[in-house]
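Trainee: Quick paste of what TrEMBL says about this protein:
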- 20-49: transmembrane segment (TRANSMEM)
- 24-378: domain 'Major facilitator superfamily (MFS) profile' (DOMAIN)
- 69-88: transmembrane segment (TRANSMEM)
- 100-119: transmembrane segment (TRANSMEM)
- 163-190: transmembrane segment (TRANSMEM)
- 213-232: transmembrane segment (TRANSMEM)
Amino acid sequence: MAKEQIEVLNALDVAKTQWYHFTAIVIAGMGFFTDAYDLFCISLVTKLLGRIYYHVDGAPKPGSLPPNVAAAVNGVAFCGTLSGQLFFGWLGDKMGRKKVYGMTLMMMVICSVGSGLSFGHSAKSVMATLCFFRFWLGFGIGGDYPLSATIMSEYSNKKTRGAFIAAVFAMQGFGILAGGIFAIIISAAFNSRYTAPAYEVDPAGSTVVQADYIWRIIVMVGALPAALTYYWRMKMPETARYTALVAKNMKQAAADMSKVLQVEIQAEPQSEDPAKPKPYGLFSKEFLTRHGLHLLGTSSTWFLLDIAFYSQNLFQKDIFSAIGWIPPAKTMNAIEEVYKIARAQTLIALCSTVPGYWFTVAFIDKIGRFAIQLMGFF
């Protein structure tokens, strides 16, 4: 390996924690914040969508989304996320983290706004529009998700890498929390302005016309944190590990890191090293031998975690009524139901999800990754 490459990467590994590390946490973390907000805010408004677009005159209970529509509205973003992770992960290695990061961010901004708009006023057209834009929103989130974590890991030093990456992931908790708090504020404001009787008193009158604005505002606000972060993301230099190891531009990597680390890193002309190992691809036998077990272990445990994590955040609203955490739907008006669901989900995020994330940030470099993961799964 060339001398200047070693010097650049060594400077990153041994760098003291300084301001640019925290800047990177905030900028990369805002990606996770927006991802979580956009993915899970839909669970706050699905019952409202059912009341507005699937009301049946004379029914004993408020309208609800048909099972196939509910599955599409809740799950279509995750189909996009899977596709986006594969596509943008590949593109991030081809074009660089910074360029692709900007693409995913703008896609998230446009599709968040698009999710709150609709072509036509019928239930079918509104749901079709919502699902279309949420798929492409998920596609952008799918790219943002791995790139945020990759950028933070490539900026980190060895000593605190675990805590820094965990802090970026912890912004997911704040995204879920922000979604709940914002829904509480909006629903409380609308409920005080547009009072309505409970469904059992007046089925038609329990859902005021203005309730249609609530879900649109909630899903569209997800564009704001993404748009606000775009400028700062574009000011960040490309990660030195990508520039040095993938783009093979040692001089640029040294210049970028000299600037952010505020130390002088010399980049001497690159020399060929005959002992340098040959590169190998993702699907090669060499990769399978060296990293196959690590990839299988990490991806399978993440898969199992996500079954519980996403299921809980998407469908816990259906459990609240069953266990009596919120009153039966027929005893509330449409806006009040949004308020009660948002309050319950915010309480869970505040008391369990957020503290769990920051416990990991505090202790991951003290007790280790493996022990914390065992605790989490237990």
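Glycine residues also receive a Cβ, built from the backbone N, Cα and C atoms like all the rest.
Curation does not apply to TrEMBL; its annotations are automatic.
Keep in mind that what you see is a predicted model, and the values were worked out from it rather than measured.
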Trainee: Which value does the mean pLDDT take for the domain 'Major facilitator superfamily (MFS) profile' (24-378) in this predicted structure?
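Mentor: On average, pLDDT over the domain 'Major facilitator superfamily (MFS) profile' (24-378) sits at 88.
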Trainee: Count the CB pairs under 8 A between the transmembrane segment (69-88) and each of 20-49, 100-119, 163-190, 213-232, then give me the winner.
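Mentor: Answer, by Cβ pair count: 20-49.
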Trainee: Which one, 20-49, 100-119, 213-232, has the most C-beta pairs under 8 Å toward the transmembrane segment (163-190)?
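Mentor: Highest pair count goes to 20-49.
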Trainee: I need to check the long-range neighbours of the transmembrane segment (100-119): which residues 6 or more away from its ends have a CB within less than 8 Å of a CB in the stretch?
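Mentor: Tertiary neighbours of the transmembrane segment (100-119) are 31, 34, 38, 84, 88, 91-92, 125-126, 128-130, 132-134, 136-137, 139-141, 143-144, 147-148, 151, 215-217, 219-223, 226-227, 229-230, 233-234.
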